[in-house]
Amino acid sequence: MRTTGSVTEVRELVAEARREGHRVGCVPTMGALHRGHTSLIQAAVADCDFVVVTLFVNGPQFNDPDDFLRYPRPLEDDLGTCQEKGVNVVFAPDQQTIYPAGGQTTVDVGHLGTLFEGQHRPGHFQGVATVVVKMLNITTPDTAFFGQKDFQQQLVIRHLCQDLHLPIDIVTCPTIRDDDGLALSSRNVLLAPEQRAIATSLSRVLRHAREQWQNGTNDLPALRQYLREQLESTPGLELDYATIVDANTFEETSVGNDPLVALVAASVGNIRLIDNLLLNTISEPG
C-alpha cells in the first residue's frame, strides 16, 4: 500500500493502474475509520481492481469550528485499517494541498443543498461538494463509494456527478449499526455512556416508524408527527428535524408510491448525530 499527500503522485499511481487495465474505485473519507467505513472499503475492493481511500478532514463543511477541532484524527490507526483491508493507495493531503492560498472556486449544489442538513448547517453542502469534486478530479475513479447514513450527502453527490457530467458511478452502501442500533459515526467515540443511551432513541424511533408504515399506516403527516413527538419528548435530546421525504427529490410528500426515507438529526450534549431509514425498501438490518 502506498500513502501519499501529493496530487501528482496519486494521479501517477492511478494512471499506472489504468495502463494495466485496472478498474479504479475511490472511498472518500474524513478518516477516523470505523466499521461503516470499512464496509465501504470492502465493497470497493470487491468491485474494483485498484482502490484509493482519501483521508482528509474538510474544514469548509464544518459550520461549527469547535466540531472541526473535536473531530478525531487517528491517522496511524486509519493507515493500519486500510492496509488490512487491501487498499492500494491512501491519499492523505494537508489543508494547503486541497485549498491552496488564493483559491476561490466553490461548488454550489442548488436547492437540494439548502434542505434539512443544509438549512441547519449553512455552507455544509457547498463544503462537501467542493471537496468531493476535488477528490474525484484528483483520483479519477470509475466508481466512488458512499454510505447511506449520510443520505442527503449521497444524493447531493449523485446530482453533482450528473450535473457536471462526471463519468463516475456512485455506489451507496447500507448503514452499519452497533448492537444497540446506533448508526456508526466517527463522532460516537465522543459520547459518554449516558449520552449514548439517549442517542439510541434515534434508531429506535425510526425503526418504529418504519414498522408502522410496513404494517399499513400510510398517513405520512401522522408518521412525521410521531417522529417529532417521540424525539422531542426524549430527555437529553435536542431535535433539529425529523421528517419523511421522497428519497429521490427530498420533498415532503403525502403519497408513498416512490421510495420514502425517514430522516432525523439531533444533538446529545454538544455531539450532533444524524440517522435515516428507508421505509418501503429494506436495505439494511435493524
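Numbers here mean position along the shown chain, with the first residue as 1.
Using N, Cα and C of the backbone, Cβ positions are placed for all residues, glycine too.
Note that TrEMBL annotation is computational and uncurated.
These come from TrEMBL:
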BINDING   30-37, 147-150, Ile176, 184-187  ATP binding site
ACT_SITE  His37  active site, proton donor
BINDING   Gln61  beta-alanine binding site
BINDING   Gln61, Gln153  (R)-pantoate binding site
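Structural mapping of features recorded in TrEMBL.
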residue: Met30; record: ATP binding site; DSSP class: coil
residue: Gly36; record: ATP binding site; DSSP class: helix
residue: Gln61; record: beta-alanine binding site; DSSP class: helix
residue: Gln148; record: ATP binding site; DSSP class: coil
residue: Gln153; record: (R)-pantoate binding site; DSSP class: helix
residue: Ile176; record: ATP binding site; DSSP class: coil
residue: Ser186; record: ATP binding site; DSSP class: helix
Measure from the Cα of Ile176 (ATP binding site) to the Cα of every one of the recorded positions His37, Gln61, Gln153, then give the nearest. His37
Select the most exposed residue of Leu33, Ile176, where exposure means the fewest other Cβ atoms within 10 Å, treating these as the binding-site residues. Ile176
Counting across all protein chains shown, how many other Cβ atoms sit within 10 Å of the Cβ of Gln148 (ATP binding site)? 20
If you measure from the Cα of Ser186 (ATP binding site), which of the recorded positions His37, Gln61, Gln153 is the nearest? His37
Please report the distance from the Cα of Gly36 (ATP binding site) to the Cα of Gln61 (beta-alanine binding site), rounded to the nearest angstrom. 20
Expressed to the nearest Å, what is the distance separating Leu33 (ATP binding site) and Gln153 ((R)-pantoate binding site) at their Cα atoms? 18
